[in-house]
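Engineer: As listed in TrEMBL for this protein:
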DOMAIN    7-278  domain 'Carbohydrate kinase PfkB'
BINDING   10, 11, 12, 38, 39, 40, 41, 42, 136, 237  substrate binding site
BINDING   179, 205, 206, 207, 208, 209, 210, 236, 237  ATP binding site
BINDING   231, 233, 267, 270, 272  K(+) binding site
ACT_SITE  237  active site, proton acceptor
Ligand code: RIB
C-alpha cells in the first residue's frame with residue numbers, strides 16, 4: 001500500500017555545542033552542519049528506508065529544489081510536493097556533547113501548503129492506504145477528515161505538541177504516537193491518558209527507556225537498545241517512520257516497534273537528520 005505523509009520539510013542547520021545555551025548565554029559551536037530535516041521529511045525517509053512506498057505531501061519555496069531532490073534520492077515519491085512563494089522552512093538545532101538537542105523552527109512553506117495539493121494527492125489514494133501527518137504543517141485536520149471519509153487508515157504524530165489540533169484530530173485516528181511529555185500535555189488538555197483515548201493503537205515513546213503500546217489488550221512495553229548517544233535528533237522520527245512502515249506492510253505492531261527500536265538506536269549513534277537515517281539492511285545487521 002502507500003503512505004501519504006503530509007509533513008514538514010526543513011533545512012537543518014546543526015550546531016555542535018558543549019551544552020544547550022541557557023537564557024542570555026552566548027556559546028561557540030565547534031561545528032556547523034547542514035542536513036535535510038523536518039519531522040515529516042524524516043519520517044518519510046525512515047518509512048521509505050524501511051521499504052514502504054511513501055508519497056510526501058508538502059511544500060517548499062523556490063529555494064527548496066535541493067530538498068525535493070534529496071527526498072527523491074532517499075526513495076520518497078515527491079510528485080505531491082508543491083513549490084510555493086514562501087521560503088523553505090528551516091531549523092536551528094543545537095546538539096550538546098551528551099547528544100541532547102534544542103531546536104528552533106522557522107515554519108516558512110510548511111504552513112503554506114495549498115489545500116489543492118493535499119486534496120489532489122489524496123484523490124489518488126486507495127482504501128487501505130495510510131494517511132499520516134504531524135504538527136509542523138497546516139491542513140492536518142482537513143487531511144485526516146478527508147482520509148477517514150475516503151476509507152484510509154489515519155496516523156498522527158502529535159509533535160510539536162498543539163493541544164487544540166491534537167484534541168480535534170483524535171476523532172479521525174487509527175494510530176497515534178507521542179512522547180511522554182506530549183502524553184502529559186494531552187492528559188492536561190483532555191483529561192484522558194493514553195489508555196483512555198478513542199484511538200485503536202497509541203504508542204508513547206520514552207526516549208532511552210523505550211516505548212509503550214496501548215492497544216485493545218492493554219499495554220505492552222518495548223525496551224530500547226543501549227547505545228552511546230552521539231546525536232538524538234531525529235531518533236524519534238526514525239522510530240515513528242519505521243513503525244508506520246511496519247503497519248503499512250501488515251506487520252503486528254509489536255514486531256514493527258522492535259524493528260523501529262533498532263533503527264532508532266542506530267540513529268542515535270549518527271550525527272544528522274534525514275540524510276543519515278538507517279536503511280532496513282543497516283537495521284538487520286544491527287546486533288545491539
Ligand atoms: O525531530 C527532529 C526534527 O525537528 C529536525 O529535523 C528539525 O527540522 C525539526 O523539525
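Backbone N, Cα and C define each Cβ position, glycine as well.
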Engineer: Please report the three-state DSSP label of residue 231 (K(+) binding site).
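Structural biologist: In three-state terms, residue 231 (K(+) binding site) counts as coil.
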Engineer: To the nearest whole angstrom, state the Cα distance for the pair residue 10 (substrate binding site) and residue 237 (ATP binding site).
Structural biologist: 14
Engineer: Compute the mean position of the Cβ atoms of 231, 233, 267, 270, 272, which form the recorded K(+) site, and then list in sequence order the other residues of that chain whose Cβ is within 8 Å of it.
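Structural biologist: Apart from 231, 233, 267, 270, 272, the close residues are 230, 232, 234, 235, 268, 269, 271, 273, 276.
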Engineer: Using a 10 Å radius around each Cβ and counting other Cβ atoms from all shown chains, which of the binding-site residues 12, 136, 231, 237 yields the largest count?
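Structural biologist: Buried the deepest by this measure is 237.
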Engineer: Cβ distance under 8 Å to residue 208 (ATP binding site), same chain, sequence separation 6 or more: which residues?
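Structural biologist: The answer is 224, 226, 229.
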Engineer: Scan 10, 12, 39, 41, 179, 237 for binding-site residues whose C-beta lands under 6 Å from an atom of ligand 1 and note them, or write none.
Structural biologist: 10, 12, 39, 237
Engineer: Using DSSP with the three-state reduction, classify residue 12 (substrate binding site) as helix, strand or coil.
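Structural biologist: SS state of residue 12 (substrate binding site) = strand.
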Engineer: Of the binding-site residues 12, 41, 136, 206, 237, which one has its Cα closest to the Cα of residue 272 (K(+) binding site)?
Structural biologist: 12
Engineer: Cα within 10 Å of residue 41 (substrate binding site): which of the binding-site residues 206, 210, 233, 237, 267, 270 qualify?
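Structural biologist: Cα filter at 10 Å returns 237.
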Engineer: Go through 39, 270, the listed binding-site residues, and name the one with the sparsest Cβ surroundings, counting other Cβ atoms within 10 Å.
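Structural biologist: If we count Cβ atoms within 10 Å for the binding-site residues 39, 270, the smallest count is at 270.
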Engineer: Fewest other CB within 10 angstroms, which one of the binding-site residues 41, 206, 267?
Structural biologist: 206
Engineer: For residue 10 (substrate binding site), just count the other CB atoms lying within 10 A of its CB, please.
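Structural biologist: Residue 10 (substrate binding site) is surrounded by 32 other Cβ atoms within 10 Å.
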Engineer: Looking at the domain 'Carbohydrate kinase PfkB' (7-278) alone, can you tell me the average pLDDT?
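Structural biologist: A mean pLDDT of 97 is what the predicted model shows over the domain 'Carbohydrate kinase PfkB' (7-278).
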Engineer: Taking the Cβ of each of the binding-site residues and counting other Cβ atoms inside 10 Å, which one has the highest number: 179, 233?
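Structural biologist: The residue with the most neighbouring Cβ atoms within 10 Å is 233.
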